[in-house]
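Trainee: I have a structure I would like to understand better, so I am pasting it below and will then ask my questions one at a time.
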Amino acid sequence: MIPLTPHAIQDPDDALAPWRRAMRDAVRDPFELLRLVELPATTIGDAAAAREFPLLAPLGYIARMRRGDPNDPLLLQVLPQAAETAEVPGFITDPVGDLQALSAPGLLHKYHGRALIVATGACAVHCRYCFRRHFPYAESGASHGRLERLIEALRQHPEIDEIILSGGDPLMLDDEKLSAWVKALEELPQLRRLRLHSRMPVILPERVDEALLGWICSTRLQVVCVIHCNHANELDHDVGEALNRLRMAGVSLLNQSVLLRDINDTTETLASLSLRLFEFGVLPYYLHLLDPVAGAAHFNIPETHAREIMHNLRASLPGYLVPRLVREEAGKSGKTDIPPLDTGTRLQPESG
Ligand SMILES: *Cc1c(COP(=O)(O)O)cnc(C)c1O
Ligand code: SF4
């Protein structure tokens, strides 16, 4: 990162961390986004989609989109589309059974040995396919006051040795708060690992600043960061630098992606993504089949096609660069692995 040169304070927001300022300046208006990527306003079909789940994208992310291309894989992840308002059978508001798995407010304990804290509902970007786009964060998220209850709940489970901070995006919280949480969690003797599920190193690389690295370096817990990147175009120089800073701080880096129609549903796109991730020191971890969340049906890929892509991916990459294709199913003891499929012939991408 380029160090900021000190300058006279004119705007009260000058005291904000650069990433906070980038969030303040993020684009929230679909027409503004289209103007920035040099597309006609008619590219957007229906404003109703944006009212229900508003557009949010920082300028640095938008800068990585191709100008004048309505099919840009980054644009498609954030631009509200008319298709979101269609009701599709099987696509529901809580597709992975989160609400039944809450063992304390904000604490999801589905799997043995690890528990997930829904730390905040805020994100640096609104991904149109998000499986928690309808999650009732206000009632079911972990707010500061509930931390004690949450720690109490964890004490009842000495087998839990890993805590996952998720959301939303946990790195939307202030470092002061995060560092206080981590200190409180460290008091639990059974805990060994702290996992961050965050899209921020990719969306807003300036988030990986001194303050963040400060508490990461000082915790006794091993820190794992699972980033969320779906396309190699998301990984530019600044993202590489942010990932490098995390790595230098001793963080293990993994990536999860969602398999998305017209965004990353080819062997070539996924192979480039894996290779680019590895250049930046990140190993592919999971490739998720889309969770059937209401509003996202138009991103869905037929399972057979997904399995065939996996077969081809395994044939073209070293094993350690092939993510595991998984689906999340309510009530299971872990993600469900989906085996690759050799159909012998290349399937044509299906439509509808
Ligand atoms: C996905 C998930 C985890 C993590 O699972 P891993 O297989 O360890 O990556 C933990 N808790 C919940 C509730 C999850 O949804
Ligand atoms: S960053 Fe993650 S939680 Fe936030 S909208 Fe995107 S997929 Fe959902």
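A Cβ is built for glycine as well, from the same backbone N, Cα and C atoms used for every other residue.
So TrEMBL lists the following for this protein:
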{"type": "BINDING", "residues": "Cys123, Cys127, Cys130", "note": "[4Fe-4S] cluster binding site"}
{"type": "DOMAIN", "residues": "109-332", "note": "domain 'Radical SAM core'"}
{"type": "MOD_RES", "residues": "Lys335", "note": "N6-(pyridoxal phosphate)lysine"}
{"type": "REGION", "residues": "331-352", "note": "region 'Disordered'"}
Trainee: Which of the recorded positions Cys123, Cys127, Cys130, Lys335 have a Cβ less than 6 Å from any atom of ligand 1?
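Mentor: Correct list: Lys335.
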Trainee: Could you check which of the recorded positions Cys123, Cys127, Lys335 have their CB within less than 6 A of ligand 2?
Mentor: Cys123, Cys127
Trainee: If you skip the near sequence neighbours and keep only those at least six away, which residues in the chain come within under 8 angstroms of Cys123 ([4Fe-4S] cluster binding site), Cβ to Cβ?
Mentor: Leu56, Cys130, Gly167, Gly168, Asp169, Met172, Arg199
Trainee: Cα-Cα separation of Lys335 (N6-(pyridoxal phosphate)lysine) and Cys127 ([4Fe-4S] cluster binding site), in Å?
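Mentor: With the alpha carbons as reference points, the distance is 21 Å.
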Trainee: If you skip the near sequence neighbours and keep only those at least six away, which residues in the chain come within under 8 angstroms of Cys127 ([4Fe-4S] cluster binding site), Cβ to Cβ?
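Mentor: When sequence neighbours closer than 6 are ignored, Cys127 ([4Fe-4S] cluster binding site) has Gln77, Val78, Arg199, Val258 within Cβ distance under 8 Å.
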Trainee: Let's check the environment of Lys335 (N6-(pyridoxal phosphate)lysine): how many other CB atoms sit within 10 Å of its CB?
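Mentor: Summing over all protein chains shown, Lys335 (N6-(pyridoxal phosphate)lysine) has 18 other Cβ atoms within 10 Å.
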Trainee: Using the recorded [4Fe-4S] cluster site (Cys123, Cys127, Cys130) as reference, state which further residues of the same chain have their Cβ within 8 Å of the centre of those residues' Cβ atoms, listed in sequence order.
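Mentor: Near the [4Fe-4S] cluster site, the remaining chain residues are Val125, His126, Arg128, Tyr129, Arg132, Arg133, Arg199.
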Trainee: For the domain 'Radical SAM core' (109-332), what's the model's average pLDDT?
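Mentor: Taking every residue in the domain 'Radical SAM core' (109-332) and averaging pLDDT yields 95.
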